[in-house]
Ligand SMILES: NC(=O)c1ccc[n+]([C@@H]2O[C@H](COP(=O)([O-])OP(=O)(O)OC[C@H]3O[C@@H](n4cnc5c(N)ncnc54)[C@H](O)[C@@H]3O)[C@@H](O)[C@H]2O)c1
Ligand SMILES: NC(=O)c1ccc[n+]([C@@H]2O[C@H](COP(=O)([O-])OP(=O)(O)OC[C@H]3O[C@@H](n4cnc5c(N)ncnc54)[C@H](O)[C@@H]3O)[C@@H](O)[C@H]2O)c1
Ligand SMILES: [Zn+2]
Ligand SMILES: [Zn+2]
């Protein structure tokens, strides 16, 4: 695996490695044999990923004599549900995996979140490996141990902190991802620049075309993103502080996802985050925290790569501001009634604002919906 | 709380206290205010417990200005299901509890297992307190952090290790428990003697009438049981070794519960454990590990207190031995195909046997069903 980049997630007894490189799906057998000699596996995946890459993975595992039971689910955000959780858990139990065996989450963020959660509760916990196949999952959801499903009352409201034993990110599999999904993942890449790495954001403004094209710049962008995330997670595994910064763009984004009923034909998670980040910068400038130029710079970059950045970029009609606001207060970043937002003082200068006046948020939403 | 016995569960960062005594439900307000000043609560309970004791609890909390949202479920083992898990989790989210608030599990083992699990996954984990109201829950299920629900494939196959912040066991509430349920809980009390405290078993043989009657002997039996359990749990929180001893009687017991479809009119958990313990002793004597006199002594004691101790004590017809055996292999104490049983060399001399021949188990079941 000489050409793979390895990043350490420093979490003491729960520490693990992220390996990023070409052809890792085909080489998964030796990686997993090294991690857990003698393990059997169950592969949780979705129909899109299965049709393109499951055979490569099962063959790769078979070469190392690793048995694999596939559990194939429908694709899409709606799969992060109680019903699918039950299906995966029952599938893992039926596969008779034992404590030395491994669950492999092989797919985008939906599969990673769902399978990681299911692995955490089937027989009170089975070890699992993340094999993210979307850009979003490679740079974000597969790292850090947040797993879960959606509640009818809001996104990601049910789940666990459950760290994987290993993350294997094969950069080649991204070639079968649609451009739209690649862009959505890119929103999370840009996020790390906007949180606290202004130089990375500047680098992305110059090199985003190469990241989309593949090759060294793509690997570099993924590795930088994973390093950024691993740093934050190592400082604050259970999100009692700093880790909340990773939610930049997500409070607005989750509300928009809820408002579009998680209908991916209208909005996917990364797109919601893109619009949410633009809104967070605009809102910060409206509150006189950041310069309007910075907000404009963020919007210009999102527009350049082809991402939506305004609420009006979402096709179809949206609920009124009051309803969007309700989705926001249902979200989990509420502490004793006060609204917590990730705001910014400029590019790469995000911070956790704990006392954002509810009236300001509502007025801001109204203006943006009227736009 | 001068008359309450306090037992420490030594689990480092997850350490907590068990408090056992009279009137603790009415005094819960001051206990909880001391544990988490300013907390709000949700009380998960079942219809039987709610009708008898919920008002005392909410009044006790109100005296300390603690708000409480009740979530009342049907009583019985069938409540440990995916559907009820979803209902409790959604109820906790709707109650808008935050990280400083508390979930109170107020009921028997069913409620404790279910509510502890739900608290562990709602918003990725809310702290919870166990307030066990059945004898079984006071001496066993509320201590040690095993939480979960049943799978159609077997009991307790889905769940978490999730330690409570406090256990409050009010010995008075046991007075509304049916004699049958009290007896069932007593099976787990006797279990601690049979595992590794022969003197405690001898004490029980002499004093069981006083334990049933209430007063000092009852408190003493509960405290001894909690100490025994806390010791094992502190040594082996995640059941990688010794903790499995607590499953004495449970492999047979769970199979019998499954075989009666968790129908509590036929068999409740503690009764399954009673029969299971008798079978474990008989099986050990059949394998020439223990003297038949010890098996007879166990049966005599269970019979004296009015517990079932033979498979034929279960009303209604049972599936054939092959089917019972299938339930056993579906259970989670299977390591790479070999059957693990808790067997014994005599009263208070239980041990973990990892290579019990499957043919011996089957033959033993056949003989016991024919009986
Ligand atoms: N756990 C975390 O910390 C975290 C962080 C960010 C996002 N998330 C979650 O991640 C989810 C979004 O992730 P996502 O965007 O990967 O969604 P996704 O899993 O739905 O994947 C997007 C689409 O791409 C398809 N796909 C994935 N890999 C492919 C490939 N190699 N080739 C072809 N198609 C492929 C999928 O089938 C799906 O249709 C959301 O549910 C979000 O809440 C979690
Ligand atoms: N987590 C663990 O470590 C552990 C250990 C042992 C057993 N368990 C689980 O515990 C469950 C059995 O516990 P249980 O026997 O308490 O069952 P339970 O919760 O069903 O309670 C038994 C019955 O007594 C009623 N009840 C409870 N308290 C009462 C009171 N004070 N007055 C009147 N009625 C009352 C209940 O409504 C129920 O009908 C099983 O699901 C078993 O798997 C878990
Ligand atoms: Zn995201
Ligand atoms: Zn038990």
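Here the Cβ of each residue, glycine as well, is placed from N, Cα and C on the backbone.
Taken straight from TrEMBL:
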DOMAIN    A:71-183  domain '3-dehydroquinate synthase N-terminal'
BINDING   A:109, A:110, A:111, A:112, A:113, A:133, A:134, A:146, A:155  NAD(+) binding site
DOMAIN    A:185-334  domain '3-dehydroquinate synthase C-terminal'
BINDING   A:188, A:250, A:269  Zn(2+) binding site
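When Cα-Cα distances from residue A:111 (NAD(+) binding site) are compared across the binding-site residues A:188, A:250, A:269, the shortest belongs to A:269. A distance of 9 Å separates the Cα atom of residue A:109 (NAD(+) binding site) from that of residue A:269 (Zn(2+) binding site).
For the pair residue A:155 (NAD(+) binding site) and residue A:269 (Zn(2+) binding site), the C-alpha distance works out to 10 angstrom.
Confidence annotation: the domain '3-dehydroquinate synthase N-terminal' (A:71-183) carries a mean pLDDT of 96 in the model. Long-range Cβ neighbours of residue A:188 (Zn(2+) binding site) (same chain, at least 6 residues apart, Cβ-Cβ under 8 Å): A:135, A:136, A:139, A:140, A:225, A:270, A:273. For the Zn(2+) site, the Cβ centre of A:188, A:250, A:269 serves as reference, and the other residues of the chain with Cβ at most 8 Å from it are A:136, A:140, A:187, A:191, A:249, A:253, A:270, A:272, A:273, A:276.
Residue A:134 (NAD(+) binding site) falls outside any helix or strand according to DSSP and counts as coil. Rounded to the nearest whole angstrom, the C-alpha distance between residue A:134 (NAD(+) binding site) and residue A:269 (Zn(2+) binding site) is 12. A:109, A:113, A:134, A:269 are the binding-site residues among A:109, A:113, A:134, A:250, A:269 whose C-beta comes within less than 6 Å of an atom of ligand 1, given in sequence order. Note: the CA-CA distance between residue A:250 (Zn(2+) binding site) and residue A:113 (NAD(+) binding site) rounds to 16 Å.
A distance of 13 Å separates the Cα atom of residue A:269 (Zn(2+) binding site) from that of residue A:113 (NAD(+) binding site). Under 8 Å, Cβ to Cβ, and six or more positions away along its own chain, residue A:113 (NAD(+) binding site) finds A:80, A:141, A:146, A:147, A:148, A:149, A:156, A:159. Ranking the binding-site residues A:109, A:134, A:155, A:250 by the number of CB atoms within 10 A of their own CB puts A:134 at the top.
Around the Cβ of residue A:111 (NAD(+) binding site), the number of neighbouring Cβ atoms within 10 Å comes to 33.
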